[in-house]
Amino acid sequence: MGIYLPIAELSANVIVLLAMGAAVGFLSGMFGVGGGFLITPLLIFYNIPPAIAVATGANQVIASSFSGALAHLKRGTLDFKLGTMLLIGGIVGSTAGIYVFALLRSIGQLDLFISLLYVALLGTVGSLMMIESLNAIRRSKSGVAPALKKPGQHNWIHRLPLKMRFRASKLFVSVIPVLVLGAGIGFLSSIMGVGGGFIMVPALIYLLKVPTNVVVGTSLFQIIFVAAYTTIVHSTTNQTVDIVLAFVLMIGGVAGAQYGAKAGQKLRGEQLRALLALLVLAVALRLAFDLFVRPQDIYSLSGIGGGHI
Amino acid sequence: MRRAAAMLALSLCAAWGGMAAALAQEPAPENIQIGLSTDRVAITTDFSGADLTIFGAIENADPLINRQGRYDVIVVLEGPARPVVVRRKDRVLGMWINTQSETFENVPVSYSVATTRAMRDITQPASYRQLSLGADNLHIRVSDDTESSPATIEEFTAALRDRKKAVGLYSERIGGVQFLSANLFRATVSLAPNVPVGTHRARAFLFRSGVFVKETSAQLAIYKSGFEQTIYRFANNHAFWFGIFAVLLAMLTGWIGRLVFRKD
């Protein structure tokens, strides 16, 4: 069953798109990430022009994050103050990212930059999470209680000035790393069409030592706004948000997300993190393969200024 | 005796040839006409590519040549021309990245051909080139400010055609033109799922015994139907509000999705 995508200007199979949205939604609900880091490469594999895949991915991330954040709001596992600080950084980062995006698109290196960023980030984050979660699984098997947050232990981040208290997270930490983290994720979000949950979640857990139960909700809260901002700016500067494509993905996504969240509750934290790490590494490997193995076709076409043709 | 028979056959042939020439001079020259059943094709939500049928007729066809099947027709549906950048990936530091590029000025976005038989059997390559007919013979002009050698331009032109064929925008359908009667023919050309919107031109070329005779053309507008066009126009003319709308739609979907599918 075909559906015509008015902005991408091509026809795609609606069943494939729904399945894609549902699969990603399931994983995103399970792991508490937006799922943009999966949906964007999937759309590119499915021949959607990269610029449209990125902007539309950001749009569909809003739906699944909003849906997830509502659930966390009800449970009270959402730190508004921390989320707002991350958000302020995020808006600054997004703005910078969108200018870099337009620049790279015009010189034809957008695909390379997106692929490199994905490989580097997904590879690093995936490996680190994998090591940590495997260690945690081993420790829990040998009967030692896992301790992510050791009260007496402070790293360099905790010595920075401008400290601020975040009550819901039971945290007293400098605002600088929070803003920088937000900005970095906002930058990536606008370039890669991702909300940044897959970086935000480990960064909040490992770097800022935020309690794990507050991390997912807070991360989703800030992703909603960064992804919304990214969607609006992409729409304004590049006109690349395909609302029909986004809507079909959202329908699959919100349904999948609720089932995924249910499935996620049956797994233990470290098992969940190990699975997420595996998924992240698989995407990184697939993209690295594209980058380092001779492509089937070494030529590509684009319109003037990088627009699709 | 045998020699005499050969002489007779030869003179008979000459007589036939003379008669044919005399006949060909008398009637008006052949002409070709085509008609589109519609001059507008709407792309609707469920569009997933289509076939377009074009009817046509040969006027003043020579019955003898017609009987021998020596009339050939090539029908082309040519999309609007747009500039295109072709980029080549090369291996740099172990990675395949875009390096060299070439800009072409007037590339038809789509080019769909239907023929009575394989193109190489209809006429000579030189004649296709002269007519700029067929995906491989299109005159594609490279940007004026290029500094590349003719060999490089040739390479990029070939790559451009290959990519266009690979995504289905340049297609060829042998046997896509069928004669329904002595003079009447029907051509079926493909509209790819990613066919560009805009004014397309249907062109029909008539060949007699491998010689180009006549060309005719008609215009066809391919446009997005009401809903698709509204979205496209909204996205381009009110880009900011379109973005806001996309965000609100996403939030609404997320909220409804939670109500409908909630599992906790």
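Just so you know, glycine gets a Cβ as well, placed from its N, Cα and C.
Taken from TrEMBL, the feature transmembrane segment applies to A:12-45 (among others).
Sequence annotations record features per position, and here TrEMBL assigns transmembrane segment to A:51-73 (among others). Through the fold, the transmembrane segment (A:51-73) approaches residues 7-8, 21, 25, 28-29, 32, 34-36, 39-40, 43-44, 101, 105, 110, 114, 189-195, 197, 216-217, 220-221, 223-224, 227-228, 230-231, 234-235, 238, 240-243, 245-246, 249-250, 253-254, 257-258, 261, 306-308 of its own chain, all at least 6 residues removed from its boundaries and within a Cβ separation under 8 Å.
Within its own chain, the transmembrane segment (A:85-104) is flanked in space by residues 54, 110, 113, 164, 175, 178-191, 200, 218, 222, 225-226, 229-230, 233-234, 237-238, which lie at least six positions past its ends and keep a Cβ under 8 Å from the stretch. What TrEMBL lists as transmembrane segment is A:85-104 (among others).
Here TrEMBL flags A:110-131 (among others) as transmembrane segment.
The transmembrane segment annotation in TrEMBL covers A:171-204 (among others).
Within its own chain, the transmembrane segment (A:210-229) is flanked in space by residues 32-34, 36, 58-59, 61-62, 65-66, 68-69, 72-73, 75, 77-80, 82-83, 86-87, 90-91, 94, 148-149, 166, 168-171, 182, 185-186, 189, 195-197, 200-201, 204, 269, which lie at least six positions past its ends and keep a Cβ under 8 Å from the stretch. Among the features that TrEMBL reports, transmembrane segment is placed at A:210-229 (among others).
The feature transmembrane segment is assigned by TrEMBL to A:241-260 (among others).
If you look at the transmembrane segment (A:272-293), the same-chain residues 6 or more away from its ends with a CB under 8 A from one of its CBs are 27, 30-31, 33, 37-38, 41, 112, 115-116, 118-119, 122-123, 125-127, 129-130, 132-134, 136-137, 198, 264. According to TrEMBL, the feature transmembrane segment maps to A:272-293 (among others).
Of the ranges A:12-45, A:110-131, A:241-260, the one with the most Cβ pairs under 8 Å to the transmembrane segment (A:171-204) is A:12-45.
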